[in-house]
Amino acid sequence: MNVNVINHPLVRHKLTLMREADCSTYKFRTLATELARLMAYEASRDFEIEKYLIDGWCGQIEGDRIKGKTLTVVPILRAGLGMLDGVLDLIPTAKISVVGLQRDEETLKPVSYFEKFVDSMDERPALIIDPMLATGGSMVATIDLLKAKGCKNIKALVLVAAPEGVKAVNDAHPDVTIYTAALDSHLNENGYIIPGLGDAGDKIFGTR
């Protein structure tokens with residue numbers, strides 16, 4: 001499976017705090033931001049670098065910069081917005097694209113009700129953010145939309161993933177790497193990740 005579980009002590013510690021049943025909205029939201037920041041560091045580890053000259057205090061020197069078009073971060077509405085600030089803290093120049101999905105009542109598959117992409121998607125790396133990767137339907141649909149725009153370099157950043165969701169993404173898009181803080185046990189009969197985080201969107205927005 002093309003999945004990278006970020007097994008860092010700080011990531012594990014903060015994720016456990018999020019799993020607590022009495023985790024407040026403020027605490028959950030803050031931890032989601034902190035985790036997204038830490039995890040984005042790992043997800044950006046293979047960004048391509050190019051050399052260029054700068055004027056330093058002692059004269060001209062050679063330095064490094066990230067090559068190519070700026071990353072676009074793609075939160076899946078609404079829960080993905082809870083991770084956006086953390087990624088932007090690390091990569092403040094990132095461009096933001098947004099995808100909103102809802103379930104078709106007949107096919108039960110996710111369909112887009114809102115999408116807004118930045119320009120030159122075919123030249124940018126994309127980082128999809130969503131707290132939960134459960135069935136994988138929303139993630140697969142979002143990747144479909146990005147590839148339809150010509151995007152070739154796509155990664156997914158999720159706080160918690162279920163094996164079923166990882167398999168769905170890998171089957172549909174084996175070229176996409178998933179970064180997660182935890183690969184949990186399974187989905188229950190209602191489609192919730194076990195042990196998971198509960199309804200991350202409700203907890204982030206205080207609507208539980």
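Cβ atoms are placed via backbone N, Cα and C, with glycine included.
If you check Swiss-Prot, you get these features:
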{"type": "BINDING", "residues": "ARG78, ARG103, ASP130, PRO131, MET132, LEU133, ALA134, THR135, GLY136, GLY137, SER138, ASP199", "note": "5-phospho-alpha-D-ribose 1-diphosphate binding site"}
{"type": "BINDING", "residues": "ILE193, GLY198, ASP199, ALA200", "note": "uracil binding site"}
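Overlay of Swiss-Prot feature records on the structure.
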residue : record                                              : Cβ contacts under 8 Å, 6 or more apart
ARG78   : 5-phospho-alpha-D-ribose 1-diphosphate binding site : GLY100, GLY201, ILE204, PHE205
ASP130  : 5-phospho-alpha-D-ribose 1-diphosphate binding site : PRO75, ILE76, ALA79, GLY80, MET83, SER138, MET139, ALA156, LEU157, VAL158
MET132  : 5-phospho-alpha-D-ribose 1-diphosphate binding site : ALA79, VAL158, LEU159, VAL160, ALA161, ILE193, GLY196, LEU197, ALA200
ALA134  : 5-phospho-alpha-D-ribose 1-diphosphate binding site : ALA162, GLU164, GLY165, LEU187, GLY191, TYR192, ILE193
GLY136  : 5-phospho-alpha-D-ribose 1-diphosphate binding site : GLU164, GLY165, VAL166, LYS167, ALA168, VAL169, ALA172
Response to the item:
The answer, for which of the binding-site residues ILE193, ALA200 has its Cβ ringed by the most other Cβ atoms inside 10 Å, is ILE193
Fill in: Around the Cβ of SER138 (5-phospho-alpha-D-ribose 1-diphosphate binding site), the count of other Cβ atoms that are within 10 Å
25
Item to complete: List the other residues in this chain whose Cβ sits within 8 Å of the Cβ centroid of the uracil site residues ILE193, GLY198, ASP199, ALA200, in sequence order.
Response: PRO131, MET132, VAL160, TYR192, GLY196, LEU197, GLY201, ASP202, LYS203
